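Q: After the structure tokens below, expect a handful of questions from me.
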Amino acid sequence: MNTFGKSFRVSTFGESHGEGIGCVIDGIPAGLHIDELFIESMMTRRAPGRNQYTTQRKESDKVQILSGVFEGLSTGTPIGMWIANTGTKSSDYANIKDIFRPGHADYTYFKKYGIRDYRGGGRSSARESVARVAAGAVAQMLLREFDINVQSGICSIGNITGKQYDFAYALKSEIYALDKECEESQKALIENAKRKHDSIGGSALIRVEGLPAGLGEPLYHRLDGALGEALMGLNAVKAVEIGDGIISCTQYGSEHNDQMDKNGFKSNHSGGILGGISNGNALLVKAHFKPTPSIFIPQETLDIHLQEQTCQIKGRHDPCVAVRGSIVAQAMVALVLADMLLLHATSQLCFLKKIYKQ
């Protein structure tokens, strides 16, 4: 499936080494100011080749808006966006044309479709995420109309985990580190993996402030379930946590429950969601990324004829996919919330009366 969302819908298309990547966003209310500079800023944060901690593939990632916007405002019709691929080097993949790269989707795509685009993984490449970030930027514009702010940053690289979360600092950090005190150690881990022709995993934290209570569609489109689906649909994400996450299974109920007083919740172990519905607290979501599977160490594998081969990868690859992946995770959370915001508009009769009985 290449379409995401129920009311705020995004369809993406394109491959890593094709002409480009694009998306169509449907369901956007008319009259939303489309800030192209904000879209550009988010694309720049995800863009490759920014520093030594990301892939050296160079892409301008300039977004061309094809439809759905007139004089800076959404028209209510589908918004089409296109991002050209300008930095492809398909020759880097000639030696693995018939070889399944360990840790990649080569084998599974081949088993499903009987054919695969070996140039950078084709549709399965993380290059596709450029369209998600463009669409996510539009979703964030809608959320900002309601003072909902989505932020992201890196909370851990390898086994080095930050103890404090400073989202303002993450905006300035080369690796989007949330904890200044352990940033240099986290950078060193990435540099060490790169020197060894290896890669390293990491985790991103996404925080949403200003989210009203009531968003989520139980039972089968819960907010936490939708977030899990969105984030687990990203390349390299292997686990998602909300609030205290996995630690919750070690806690007592008296420890985990978020008690309330006249000022609201006194803690936030639930991460802003109860019963699949937002509770008005800050939404806290972690996405855990595996190490980039493209490493320059020879590995054992099979070819399309199921003959044993040695895979020797060439090209330009992220030593830690979590760094740029954090921006994509932020975009996906924004897309989920924009969708939930529109769905919630019909959840009570009084909401409809405000529109139709003025």
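Any Cβ shown, glycine's included, is placed from N, Cα and C.
Swiss-Prot lists these features:
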BINDING   R46  NADP(+) binding site
BINDING   R123, S124, S125, N235, A236, G275, K290, P291, T292, P293, S294, R316  FMN binding site
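I'd like to know what surrounds each of these features in this structure.
A: Long-range C-beta contacts of R46 (NADP(+) binding site), restricted to its own chain and to partners at least six residues apart, with a cutoff below 8 Å, comprise D61, S129, V130, V133, R324, I327, V328.
For K290 (FMN binding site), the number of other Cβ atoms no farther than 10 Å from its own Cβ, over all displayed protein chains, is 17. K290 (FMN binding site) falls within neither a helix nor a strand when secondary structure is assigned with DSSP, and so counts as coil.
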Q: So the record assigns R123, S124, S125, N235, A236, G275, K290, P291, T292, P293, S294, R316 to FMN. If I measure every Cα pair among those residues, what is the longest distance in angstrom, as a whole number?
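A: About 43 Å separates the two most distant Cα atoms.
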Q: Please classify the secondary structure at S125 (FMN binding site) using three-state DSSP.
A: coil
